[in-house]
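Please read through the structure below; I'll follow up with questions.
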Amino acid sequence: MTTTEPASALTLTAPAHGSGVNPRLARVRARAAARESIRAARPIARTRRRRRTTEELRAVVERGQAQLHASSGNPEADAHAVIAWAVREFGPFMAVASSMQDTVLSHLVAEQFPFVDVLFGDTGYHFAETLGTRGAVEIELDVNVIDVRPDLSVAEQDARYGPRLHDRDPEACCAMRKVAPMTKALAGYEAWATGVRRSETAARANAPLVSWDERNGVVKINPIAAWTDDQVAEYADRHGLVVNPLLADGYPSVGCEPCTARPLPGQDARSGRWAGRDKDECGLHV
């Protein structure tokens, strides 16, 4: 798991001679300075208490479900309330996972917990637009983007398993380039927040707000589980957030470039992922 400074996806033009400091450039520089300060301080904050045990974290899940999930006479908590609970409960032991399809969840969490760690699965197969979005996110939002990479580069994987493993065995490719690196990255946290939403696929229709993630040994939080596509788009528009350009180019769900196609008319958003195969999940959320 490594952190890299991206090439800017945006142009920060210097002001004309005599016009003073570019306000936007000043904000970017201030954000970068704050980010570096927090990057240095956060590991120290994590040493102030130990990481809780599985039994203790399972108990947290039970309490969270009781507080946040719908029950007789009580509606389900909204995204802001879920995030507020998570920040209180986990603080620096929580990370956000982002595919850089959109930046809504990262923005929501950063509003309550500035410079939260945002884990980006850098598989080596992303669209250029996705990498550009990743760069813009670190410039525009109060977050700490961490690139989560596989042990093998694409070239090393090709040499060991043959080229285009994603075509021959997509399950193995996803396991090596997405699932295993994220499991390794999450080992230092107690919880991760994801952008899983119930409207995306039938398999996600009952996604809970809070659950125990057995695979990764952490608490899994889905703050926007109840949101629709329209709600996500409206929030991004209202806050002027960076959006992956591929969403406007016919890709409602964005993954690795070799395995992502535009869905056919009438099909669900994720049908373009691993198109033509009996697969619509990489393994992170199953």
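Just so you know, glycine gets a Cβ as well, placed from its N, Cα and C.
The model shown is predicted, which means the values in this text are computed figures rather than measured ones.
Feature list, courtesy of TrEMBL:
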{"type": "ACT_SITE", "residues": "CYS282", "note": "active site, nucleophile"}
{"type": "BINDING", "residues": "CYS173, CYS174, CYS256, CYS259", "note": "[4Fe-4S] cluster binding site"}
{"type": "DOMAIN", "residues": "92-261", "note": "domain 'Phosphoadenosine phosphosulphate reductase'"}
{"type": "REGION", "residues": "1-23", "note": "region 'Disordered'"}
Counting across all protein chains shown, how many other Cβ atoms sit within 10 Å of the Cβ of CYS174 ([4Fe-4S] cluster binding site)?
23
If you run the three-state DSSP split on CYS174 ([4Fe-4S] cluster binding site), which class comes out?
helix
Out of CYS173, CYS256, CYS259, which of these binding-site residues shows the lowest number of other CB atoms within 10 Å of its CB?
CYS259
Tell me, roughly as an integer, the mean pLDDT over the domain 'Phosphoadenosine phosphosulphate reductase' (92-261).
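Average per-residue pLDDT within the domain 'Phosphoadenosine phosphosulphate reductase' (92-261): 94.
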